[in-house]
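Copied over from TrEMBL:
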TRANSMEM  46-71  transmembrane segment
TRANSMEM  83-104  transmembrane segment
TRANSMEM  110-134  transmembrane segment
TRANSMEM  294-320  transmembrane segment
TRANSMEM  326-349  transmembrane segment
TRANSMEM  361-380  transmembrane segment
TRANSMEM  445-464  transmembrane segment
TRANSMEM  485-508  transmembrane segment
TRANSMEM  514-534  transmembrane segment
Amino acid sequence: HLGSVVAYFTSAKFLLYLGHALSTWGDRMWHFAVSVFLVELYGNSLLLTAVYGLVVAGSVLLLGAIIGDWVDKNSRLKVAQTSLIVQNASVILCGIILMIVFLFKTQLLTLYHGWLLTVCYILVITIANIANLASTATAITIQRDWIVVVAGEDRSKLADMNATIRRIDQLTNILAPMAVGQIMTYGSPMIGCGFISGWNLMSMCVEYLLLWKVYQKTPTLALKSAKVEESELKQLNVKKESDTKPAEGVQLIVEKDVTGFEPQQEKEVSCGARIAEPFITFRDGWVAYYNQPVFLAGMGLAFLYMTVLGFDCITTGYAYTQGLSGSVLSLLMGASAVTGIMGTVAFTWLRRKCGLIRTGLISGVAQFACLVLCAISVFMPGSPMDLTVSPFADISARLFESEPLPTIASPEDKPEMVFATGMPNLLNGSTTPANSDPEMSPEPVPLISVSLLFAGVIAARVGLWSFDLTVTQLLQENVVESERGIINGVQNSMNYLLDLLHFIMVILAPNPEAFGLLVLISVSFVAMGHIMYFRFAQKSLGKQLFVCCTPDPKTVSDSSPPGNTSTV
């Protein structure tokens, strides 16, 4: 027994979990802290956080395919190590700049009429954005590629590993912001900066070592299909069914083709072609994504990002306007983490019993059924929905006084993003509703509506996380190895695009009276996402779609290796 315990703790699988836990912990601490730091710096205004959120979303939206293409074109170890170093070095540098700004803010305000301070703000947002892009590259390479190779041809093992990774995400989402929040509350923002910089420095060294150990323990990580020409790729796909040669043989052929081809390419490439290359990569990435057999499933997942029904600052702000206290909200967040973990357990069980594609269908029905409670809550006593109140009334006052602008955290972790809202200024510690009149005494609000809303949101997390894991595994299993990076990069961009629409929707209707309308729109988008997935399942399974609890050999059996495009 002792030998098996030691073997588990030294296995590539456990080392991958440990590295992911360290990376995610650092990420969550930084994303939580950077928003608060930017608010502190800019005189308790959400302007900088809004700019940061837009820059991050826009960058991933535009560069997702290019980052994915870079992941595909380079060796696994080089990609993982480069993105790890860039991400952590950027956070450390940001931390140092922020410490300098906190220490010498008064002096910086007077130098060059405050322009030096503005340069510092621009530097912080730019470097923090680079850190986020590197984090995106890390997530693509580890969670969408390394994990598939470490699992080998065992799809049950792949499902268990995906579920464990999500459980780590759930726990760090709750615990990391709490930890750094305590340090900043009982210390100061400067101490918080120092702590995060120090943590990232130590974490970078440990994660680097863990990556190297995983790479050594999994020899197949060294074998990677190089990015080949489209015509060659089609030929490989055509021959795939009859090709019984070992992976090493295929790899040698691919490497020979590429190495023999590269020198000629370099001579032919002109300056104009180099400038056009990123745009061509962007176009090719989106076209390749559209042509994937799992395109509709990926789109279905992306549509779940267009929602206010998550534990973000928008929903939290709305809850404050409805009279819920901070302690009650923290308990509700804890409950949501528990139901999220239950969703990962449900995924592994359902997949074994019903097959991967049917698991997505069951999860979708479960999530939508729970969100119906949210739709009903809009019409219950206590709901402030009043469509006669124009969301455009005093819009300038809303923009410049209440600052109803977003701050975006990390997209590959969870299907809801983190936003700041103008309903209450949560980051300032104020719990006064944005639209309340201070002269009027607040009347008690019936809690039936808000209780139903949160019951629906919390219960829906089971279906949400199970569905997220289903689509993640479908992408892992059905995207050819040489395109994993670019396809997952485009998937990230798609998620951010729908998230930006969510942000625009809140900007247009930031008042609590319009929140009910936002809930109904969100439920509609979730329904559309699951309809797309149903269409994908119908195409994939045909008449076997409703044959209950019989594992689908196309998705459950371990007879064909992950990455085979003919599985769906």
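Quick reminder: no glycine exception, Cβ is built from N, Cα and C everywhere.
Tertiary neighbourhood of the transmembrane segment (445-464): same-chain residues 304, 309-311, 315, 318-319, 322-324, 332, 335-336, 339-340, 342-343, 346, 363-374, 376-378, 380-384, 415, 519, selected by CB-CB distance under 8 Å and a gap of 6+ residues from either end. Tertiary proximity for the transmembrane segment (83-104) is limited to same-chain residues at least six positions away from its ends with a CB under 8 Å from its CB atoms, namely 23, 26, 30, 34, 37, 40-41, 117, 120, 123-124, 127-128, 130-131, 134-135, 137-138, 141, 188-190, 193-194, 196-197, 200-201, 203-204, 207-208, 211. Between the transmembrane segment (514-534) and the transmembrane segment (110-134) there are fewer than 3 Cβ pairs closer than 8 Å, counting only pairs 6 or more residues apart in sequence, which means the two stretches are not in contact.
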